[in-house]
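Below is one structure, written out as structure tokens; comments come after it.
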């Protein structure tokens with residue numbers, strides 16, 4: 001959520017941000033917000049003046065009654081009228097405050113100056129050079145779905161029977177490989193990258209979704225348990241960030257770094273017509289998430305650190321990838337700056353998103369009321385929050401299966417995963 005003071009002082013800058021994000025349709029909301037803010041401040045001033053008058057007259061009434069020097073009836077009648085006027089103003093202020101909060105929750109985050117201006121994903125910039133690893137595939141490459149079925153390690157048909165399309169089942173060594181991938185990433189982040197592991201709930205309340213920005217803008221993308229008013233998490237970012245909702249953090253404790261595994265659930269409403277084969281688009285997948293809480297002046301260095309930690313996982317797995325700096329028209333509404341990390345699919349002949357690393361600045365912290373005090377004399381400040389996928393296993397599994405396939409129709413296991421799997425290859429006879 002943006003600071004209303006920032007919006008009031010920089011309305012043209014906010015309007016430019018909406019234009020750069022291709023959200024010109026939100027400009028009437030901005031104009032309405034500015035109108036409400038002006039009216040609200042006028043009403044607050046008038047209410048304060050009337051309350052001050054009521055306090056003064058109340059003292060005069062008390063003095064008249066005490067001294068008996070005159071009648072207080074007219075003053076009492078006047079103050080009753082003032083009280084009714086104050087009640088009306090308070091009611092109007094309450095309505096304005098609710099509408100203001102509704103608009104503030106709907107407006108996107110500011111953009112860091114380093115974010116390139118663009119309309120669509122086609123305008124994203126390749127950051128640095130793509131990273132390659134030697135995986136000679138001198139034969140006709142099979143896709144992950146074909147190989148997974150042939151080896152008996154993936155079962156999308158039974159997943160569809162049990163739940164519906166987009167809910168995969170990992171079988172045998174496929175399940176073992178998935179678990180190995182999760183454990184390897186958690187170990188690398190906690191033992192080498194300095195994160196504290198947490199294992200969060202997979203269901204959250206609406207306040208948690210509001211805190212991280214999924215509510216109300218992306219309400220149609222989450223699974224909702226209406227009877228209990230709980231929601232299946234789209235990412236561990238939601239419960240982990242909200243661990244510190246409504247808290248005053250110790251400045252000495254910052255930065256705080258968490259790594260969390262969770263299953264992730266996404267309705268993917270509006271994805272009809274997109275490629276939905278295999279792991280390319282699923283409703284449930286596994287992911288290890290990195291979340292950081294930092295001082296404002298340290299957040300952009302922390303973003304580069306998170307990106308580096310995600311890249312380190314791919315380098316250890318020897319999976320080819322590239323990094324994109326997202327443009328203004330493709331970046332999420334909550335992020336001020338975002339990198340996407342994409343892995344190469346030999347069968348699809350294209351890059352697939354496996355990680356997003358974002359700096360939200362104080363956008364989430366304002367919504368979730370997460371603050372810190374630099375010292376005992378300072379005013380509380382909002383922390384900056386960041387997160388990064390470290391990483392999503394579904395797209396990693398695509399790349400591993402396709403890059404490590406053998407001429408015989410099997411799959412070699414990446415060397416760093418062998419201690420976790422207990423086997424180095426998945427053969428057609430498994």
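These residue numbers are counts, starting from 1, taken along the chain as shown.
Cβ atoms are placed via backbone N, Cα and C, with glycine included.
Here is what Swiss-Prot records for this protein:
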- 235, 236, 237, 289, 389: L-serine binding site (BINDING)
- 266, 267, 268, 282, 353, 354, 355, 356: ATP binding site (BINDING)
Review point. Out of 235, 236, 289, 389, which of these binding-site residues is nearest residue 353 (ATP binding site) by C-alpha distance?
Key: 389
Exercise for review: Report, as a single number, how many Cβ atoms besides its own are within 10 Å of the Cβ of residue 266 (ATP binding site).
Suggested key: 20
Practice item. Could you measure between residue 266 (ATP binding site) and residue 235 (L-serine binding site) for me? Cα positions, answer in whole angstrom. Key: 9
Check your understanding: To the nearest whole angstrom, what is the C-alpha distance linking residue 282 (ATP binding site) and residue 235 (L-serine binding site)?
Key -> 13
**Study point:** Surrounding CB atoms that lie within 10 Å of the CB of residue 236 (L-serine binding site), all protein chains
**Key:** 28
Practice item. Measuring Cα to Cα, tell me the gap between residue 236 (L-serine binding site) and residue 355 (ATP binding site) in whole angstrom. Key: 13
Practice item. Compute the centroid of the Cβ atoms of 235, 236, 237, 289, 389, then list the same-chain residues not in that set whose Cβ lies within 8 Å of it, in sequence order, for the L-serine site. Key: 238, 240, 260, 262, 264, 287, 288, 290, 291, 387
Review point. Among 268, 289, all listed as binding-site residues, which has the most CB atoms within 10 Å of its CB?
Key: 289
Review point. Which one of these binding-site residues has the most other Cβ atoms within 10 Å of its own Cβ: 356, 389?
Key: 389
Practice item. Quick one: of 282, 354, which of the binding-site residues has the smallest count of other CB atoms within 10 A? Key: 282
Point to revise | residue 289 (L-serine binding site) versus residue 354 (ATP binding site) - Cα distance in angstrom | key: 12
Revision key, fill the gap. Cβ neighbour count (10 Å, all chains) around residue 353 (ATP binding site) is 15
